[in-house]
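Asks: According to Swiss-Prot:
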ACT_SITE  330  active site, nucleophile
ACT_SITE  364  active site, proton acceptor
BINDING   193, 225, 230, 246, 305  S-adenosyl-L-methionine binding site
């Protein structure tokens with residue numbers, strides 16, 4: 001996809017995704033289908049930069065022909081990104097220190113109005129000295145001027161093994177869900193939900209099914225692959241306590257930031273892989289859990305949002321030990337494979353499709369399961 005949108009055919013392609021999900025998963029009980037906005041839905045955008053004489057353009061490469069295509073407007077991106085793109089390029093072209101050897105431009109925007117721009121170069125932006133590392137003063141001055149002249153909250157300069165951060169390397173997103181505001185730190189160059197409006201729908205659906213799993217808020221939730229705490233925080237008021245695991249050090253730190261920002265006091269995040277927490281629940285000891293008494297938790301629900309490869313064998317078995325399973329999937333093929341095993345012990349109560357990526361084959365979905373009576 002080269003930034004094109006096709007609003008006139010969106011309803012048709014959305015219906016095709018629904019049909020494909022039904023073919024893969026079979027019956028879709030209590031099915032919710034969340035359509036995206038047909039334009040201006042992406043909060044992230046990355047473009048290569050091509051220099052030809054006096055001309056400098058954003059480009060993307062056609063997946064079939066591999067030819068470069070100049071991008072002059074991008075209706076997929078949030079309005080704030082789409083509006084900024086030509087203005088930013090005009091300033092870059094007029095500023096040699098910003099333009100020279102510029103290789104890529106990344107945009108990260110929020111519904112709450114913040115904008116982070118990363119300029120990536122094939123030249124050095126820093127110099128080693130006897131006292132340390134010095135930033136390219138001319139580049140820093142030009143970048144600061146750019147930030148003053150355009151609606152850019154933060155600017156970052158990157159080169160090979162170098163990073164200049166003028167102030168912050170993250171934005172703060174505020175998502176509105178069920179008459180509540182959830183605050184999330186979104187760090188540059190790390191995973192964030194690309195379709196912020198759809199992220200709100202996903203949180204709404206997860207909260208809805210969580211309330212059915214734990215109507216009196218007396219039981220606890222365990223979450224695997226929690227990232228920056230996106231779901232953990234939004235589900236925290238649906239459970240007595242939440243234990244969330246994540247393997248990325250950066251994501252764990254961001255989750256802690258978000259826990260504090262949202263004034264949540266019942267979520268604990270630990271840096272552990274899914275297979276490690278599975279072993280811990282079976283009695284194996286881990287140093288990272290030395291301050292956590294797993295036996296004190298009353299888990300009745302597990303939340304999983306695995307990578308495209310789906311659940312590994314150990315985790316697939318582990319999830320069946322819980323009364324309720326909330327499974328968010330970015331790959332319906334691996335979800336279908338996992339459900340073949342999980343459906344032996346659990347029944348599907350509710351399903352959902354979230355169109356995170358319009359005009360692509362990608363499908364994001366949700367499944368809520370309950371243990372079958374013995």
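Note that the numbers count up from 1, one per residue, in the order the chain is shown.
Here the Cβ of each residue, glycine as well, is placed from N, Cα and C on the backbone.
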Asks: Sort out the sequence-distant neighbours of residue 246 (S-adenosyl-L-methionine binding site) for me: same chain, 6+ apart, CB within less than 8 Å of its CB, listed by position.
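Replies: In sequence order, 225, 226, 227, 252, 255, 269, 270, 271, 272 meet the Cβ cut-off.
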Asks: I'd like to confirm something. Which of the recorded positions, 193, 230, 305, 330, has a Cα closest to the Cα of residue 364 (active site, proton acceptor)?
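Replies: With Cα distances computed to residue 364 (active site, proton acceptor), the winner among 193, 230, 305, 330 is 330.
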Asks: Report, as a single number, how many Cβ atoms besides its own are within 10 Å of the Cβ of residue 364 (active site, proton acceptor).
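Replies: There are 24 such Cβ atoms around residue 364 (active site, proton acceptor).
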Asks: Give the distance between the Cα atoms of residue 305 (S-adenosyl-L-methionine binding site) and residue 330 (active site, nucleophile), rounded to the nearest whole Å.
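Replies: Rounded to the nearest whole number, the Cα-Cα distance is 8 Å.
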Asks: Tell me the Cα distance separating residue 330 (active site, nucleophile) from residue 193 (S-adenosyl-L-methionine binding site), rounded to the nearest angstrom.
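Replies: About 12 Å separates the two Cα atoms.
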Asks: For S-adenosyl-L-methionine, what surrounds 193, 225, 230, 246, 305 with a Cβ no more than 8 Å from their Cβ centroid?
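Replies: Near the S-adenosyl-L-methionine site, beyond 193, 225, 230, 246, 305, sit 191, 226, 227, 228, 229, 231, 251.
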Asks: List, in sequence order, the same-chain residues at least six positions removed whose CB sits under 8 Å from that of residue 230 (S-adenosyl-L-methionine binding site)?
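Replies: Those within reach of residue 230 (S-adenosyl-L-methionine binding site), by Cβ under 8 Å and sequence separation of 6 or more, are 184, 193, 199, 203.
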Asks: Is the residue listed as 'active site, nucleophile' helix, strand or coil when read with DSSP?
Replies: coil
Asks: Far apart in sequence but close in space: which same-chain residues, 6 or more away, have a Cβ under 8 Å from the residue listed as 'active site, nucleophile'?
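Replies: The residue listed as 'active site, nucleophile' has long-range Cβ partners 305, 307, 308, 356, 362, 363, 364.
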Asks: Report, as a single number, how many Cβ atoms besides its own are within 10 Å of the Cβ of residue 193 (S-adenosyl-L-methionine binding site).
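Replies: Step by step: centre on the Cβ of residue 193 (S-adenosyl-L-methionine binding site), count other Cβ atoms within 10 Å, giving 22.
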Asks: Could you tally the C-beta atoms, other than its own, that fall within 10 angstroms of the C-beta of residue 225 (S-adenosyl-L-methionine binding site)?
Replies: 21
Asks: How many Å separate the two farthest-apart Cα atoms among the S-adenosyl-L-methionine-binding residues 193, 225, 230, 246, 305?
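Replies: About 16 Å separates the two most distant Cα atoms.
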